[in-house]
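Encoded as structure tokens, the structure appears first; notes follow it.
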Amino acid sequence: MSYGTINDMNESVTNYRIKKAQNNIKGWYAYSFSSEPFVVSAVSTYIPLLLQQFASINGVKVHDHSIPCLSETGSDSDKCVLGLFNNRIFVDTSSFALYVFSLSVLFQTIIVISVSGIVDLWGSVKFKGRILVWFGIVGALSTVAISKLNDTQIYSLAGLYIVANGCFGVINVVGNSLLPIFVKDSLKCQSQGAYEPDKVDSLTTVISGRGASLGYSSALIVQIVSMFLVASKKGSKQDVQVAVLFVGIWWFVWQLPMIWLIDDVTIPIRVDDSTLASARSPYPGEQDALGQLNWKNYLSYGWVSLFESFKHARLLKDVMIFLIAWFIISDSITTINSTAVLFSKAELHMSTLNLIMISVLTVVNAMLGAFMIPQFLATKFRWTSSQTLMYIIIWASFIPFYGILGFFFNAFGLKHKFEMFLLAIWYGLSLGGLSAVSRSVFSLIVPPGKESTFFSMFSITDKGSSILGPFLVGLLTDKTHNIRYSFYFFFLLLMLSLPVLNCLDVKRGRREAEELSQVLPESERRLD
């Protein structure tokens with residue numbers, strides 16, 4: 001064989017690996033493009049409206065349970081409550097949506113823990129891609145089913161939303177865990193093995209920002225189309241459900257390219273999947289009579305692995321700092337969106353079309369924030385990652401502060417509809433920047449080979465706060481029947497997060513993560 005032939009073969013293999021690395025990143029973009037409208041459009045706008053709408057249709061006046069909520073009898077200022085479980089308990093119609101959010105996140109947390117351990121154990125990028133598609137299909141079909149409910153099926157609405165949100169949680173964790181793997185593989189292919197560690201930081205930030213912007217771009221397209229769909233159904237009770245149907249179809253269709261794009265990051269050795277997984281099993285030798293995998297053990301491994309990861313995280317100072325800060329931040333940022341939608345509908349009496357327009361403004365500015373903050377502002381002013389997060393939080397804290405002003409002034413402080421449009425721009429910029437920066441920061445301080453499990457910790461921290469936040473706001477609204485009081489809660493949380501974030505050192509965290517990955521037991525590392 002001539003040297004020319006050998007060089008041609010080497011070049012062919014190199015080109016193959018580069019193309020595969022590029023396809024993996026494209027597949028990662030497809031994950032964001034397909035699923036982001038669910039959380040940005042459905043969860044943030046349509047589902048809260050549907051839950052409140054169904055609750056109002058089935059609710060009664062708070063001071064007289066014999067009068068239906070939508071009855072013209074009584075004062076327009078009368079608040080409404082919904083009777084649950086044969087009227088054993090009554091909750092505010094706005095609180096009902098918040099309680100369902102809390103329950104959905106609890107279910108999401110349980111399923112994320114169970115699945116993430118299996119994904120890390122299997123260690124195959126292609127398997128992670130299958131997980132993205134499988135759970136995406138179930139989530140998309142559940143979303144489509146929501147659009148077919150009638151307004152008396154309030155428990156079915158809650159149940160389908162819980163399933164869909166649980167599926168989104170899984171693909172969110174698995175998708176985020178693929179980011180550092182794809183970044184490092186891309187750098188290895190481009191430099192043919194060796195690469196500078198500093199390039200990981202910059203490329204991770206760029207790809208994460210592009211992914212976030214693509215996700216918001218898809219959400220923007222969905223919202224614009226939804227505006228026309230809702231306008232065509234103006235005056236109909238099914239106007240919101242038509243928009244939900246479109247979200248479900250979008251999710252289902254655009255995730256399909258991942259089937260062909262996402263593949264293993266290296267040329268794989270031909271090993272049967274069950275053999276590979278068996279070699280990684282935390283319970284070696286425990287298989288059924290047919291020699292197949294014992295899935296009970298694999299499901300429990302997710303919990304065992306998470307417990308071990310929390311033990312490892314205790315050794316990683318900056319991981320713990322980040323998780324504590326993120327618990328506080330997420331409790332406020334994620335809850336404030338759904339609360340604002342409920343507030344706009346209940347207190348400002350905004351139409352569905354107006355709320356979709358607000359959502360469009362939020363999405364457009366989130367796209368700008370995802371690009372401008374990490375790639376331009378942070379670079380121009382030479383902010384560290386932790387400093388960037390702190391400035392975003394300070395920016396976002398103005399939103400609840402402005403809502404609090406409404407207790408003291410009649411002319412402003414979320415007293416008029418136009419104020420919601422202005423705050424949508426403000427909120428969108430902070431949300432986009434936070435989405436891009438937070439993912440990239442955390443991906444830099446997790447031990448290599450434990451991405452899925454540590455991102456499940458990130459998600460559990462996020463979701464744990466999302467269980468607590470809506471639940472507490474729901475209790476507050478039940479007590480006061482005035483959702484404006486929740487702005488005090490949000491502002492306090494954002495202020496509390498600042499001193500915690502001030503302690504974060506990303507360089508130190510990355511160094512500690514690399515050191516920990518070297519001392520992890522062999523059974524806990526991903527096989528390359």
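For all residues, glycine too, the Cβ spot is worked out from N, Cα and C.
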Based on Swiss-Prot, do V125 and F412 face the same side of the membrane?
no
For which of S274, S278, S309 does Swiss-Prot record the feature phosphoserine?
S278
Could you check whether the transmembrane segment (242-262) and the transmembrane segment (211-231) come into contact, where contact means at least 3 Cβ pairs under 8 Å with the two residues of each pair 6 or more apart in sequence?
yes
By a Cβ-Cβ criterion of under 8 Å, what residues six or more beyond either terminus of the transmembrane segment (99-119) are in contact with it?
51, 91, 127-128, 131, 135, 158, 161-163, 165-170, 173-174, 177, 298-299, 301-306, 335, 338, 452-453, 455-456, 459-460, 463-464, 466-468, 470-471, 474
Grab the same-chain neighbours of the transmembrane segment (389-409) for me: Cβ-Cβ under 8 Å, and only residues 6 or more beyond its ends, written as numbers and ranges.
325, 329, 332-333, 336, 343, 373, 383, 415, 419, 423, 426-427, 429-431, 433-434, 437-438, 441, 484, 487-491, 494-495, 497-498, 501-502, 504
Before we move on, state whether the transmembrane segment (319-339) and the transmembrane segment (418-438) share at least 3 Cβ pairs under 8 Å, counting only pairs 6 or more apart in sequence.
yes
For the transmembrane segment (211-231) and the transmembrane segment (486-506), does the number of C-beta pairs under 8 Å, pairs 6 or more apart in sequence, reach 3 or more?
no
What are the DSSP helix, strand and coil residue counts for the topological domain 'Vacuolar' (374-388)?
11 helix, 0 strand, 4 coil
